[in-house]
Amino acid sequence: MRKIKFFDTTLRDGEQSAGVNLNLQEKLEIARQLERLQVDIIEAGFPASSKGDFEAVKQIAETVRTCSVTGLSRSVRSDIDAAWEALKGGAEPRLHLFIATSPIHMVHKLRMTPEQVIEAAVEAVKYAKRFFPIVQWSAEDACRSELPFLAKIVTEVIKAGASVINIPDTVGYITPKEYGEIFLYLRNNVPNIENISLSAHCHDDLGMAVINSLSAIEHGATQVECTINGIGERAGNAALEEIAVALHIRKDYYQVETRLNLQEIKRTSNLVSKLTGMVVPPNKAVVGKNAFAHESGIHQDGVLKEKTTYEIISPELVGVSSNSMVLGKHSGRHALRNRVEELGYTLSEEEINQLFVRFKELADKKKDVTDDDLIALIFEEKFDHFKDFYQLSSIQVQYGTNQIPTAVVVLKDGKGNTIQEAATGAGSVEALYNTLERCFQTAVTLLDYRIESVGGGRDALAQVFVKVRVNDVETSGRGTAQDVLEASAKAYINAMNRMFMIEAMRAENEKVTTP
């Protein structure tokens, strides 16, 4: 049975989603979880693009041991050199080279002739092979390329040493039948193609990324590039979880196998959703909240009698467990640590101690602390602290049906200075955000504001997600608290702290690149 490799590009292509800005710690946590999921390859970033990306790729390569870590590179020596410096400490360093091959890209973007593009691609592969044992080569915009030219350049880069050939549907333009035919054409017209791996990379602009990827597998691809939850530029990329479960459930049809640990899918999906701020739609296949919900009476009756009447995927297959433990105010540190580990999270001793304090505070306010509550606290403790920037000290909001809503906010900056401001607004949240804007002394555009409950009940935690824009930079933030307004303030501050982190990284990059 053929084996299909999963190439996860959540940390590179996925992070290019509008408003997604992951810090180093968040990228490392996602990489560790992808390793638990047992993807074959993690594309950790684009090392030559910035100092921050370089450092993230380097640390991920040095941390992950059971997956191959790769980085993206243009067909230029300086990019390849940067990628090698970042990836050489990995367990199995590999490089992902690309150059555009469609007429529109060659003429308008590269301004190169087809012969010059072939020469650049071959030279880059040969140079990369001096360092990397595995070189993957991608034909950017392959699906709008002329097939004879595509076959010609693929032939030449294979001769130069490329061992993986990736055929991206860069703009999400192709149909399943056409995409499969490209793979058949290459298999029939490229010498020695049986000695290399063919890879698929699909975007979802026309809603066909997953089915196109499956078509590629049917027509000879042995690797698929995808992202968790299908995040990515524009309409996103092919969703890893959908391809993986389709191959598993329909193994009778596809006749392939993977090394993925499918029980880690739901946990991975939740992690990526929380850290990116991109909420998974309830009706999302495989990982959506409603994926295993049956509302129709006929369906409910059938499932109660025999699950397989209407449930082709068992929740347990992807790690959705009904085994939820409830902790309370009498639960100790040992019980907390055990449950954290059972939920699949790794925390340091210091993080456990800090989490225990927050857990006790919540347990005093709530009768029961559920797994959802605990996960929310873990995220807040592990990822939402930016000690060098701003932290919330207190908020006070005054509201009445016949009064003008007013907010008072007290913040502390990284140097311990106290900042206090007050402002009004049309509603409580607007008053709060107007006050915070005064605290930061920066014009901020609020692009999105979403709130959801963590678990059920009147005492449930509130989780708020925001997306903001300052000048040309968009970023997201999240906040958790029992009070909606406190959660709203935390989310806004979290987004602004990320903004200041991005600005600091930009300033550092300018120092590095300035002669």
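Residue 1 is the first one shown; counting continues down the chain.
Including glycine, each Cβ sits where the backbone N, Cα and C put it.
A coil conformation is recorded for Asp13 (Mn(2+) binding site) in the three-state DSSP classification, outside any helix or strand. Per Swiss-Prot, the feature Mn(2+) binding site maps to Asp13, His201, His203, Asn237; the stated evidence is sequence analysis.
Per Swiss-Prot, domain 'Pyruvate carboxyltransferase' is recorded for 4-266, and the stated evidence type is sequence analysis.
Summarised by DSSP class, the composition of the region 'Regulatory domain' (391-515) is 43 helix, 51 strand, 31 coil. Taken from Swiss-Prot, the feature region 'Regulatory domain' applies to 391-515.
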Below 8 Å Cβ to Cβ and six or more residues apart, same chain only. Which residues does that give for Asn237 (Mn(2+) binding site)?
Thr9, Asp13, Gly14, His201, Cys202, His203, Asp204, Ala209, Glu225, Cys226, Thr227, Gly230, Ile231
Coarse DSSP state, helix versus strand versus coil, of His203 (Mn(2+) binding site):
strand
Same-chain, non-site residues whose Cβ lies within 8 A of the Asp13, His201, His203, Asn237 Cβ center for Mn(2+) are Thr9, Pro168, Asp169, Thr170, Cys202, Ala209, Glu225, Cys226, Thr227, Gly232, Glu233, Gly236, Ala238
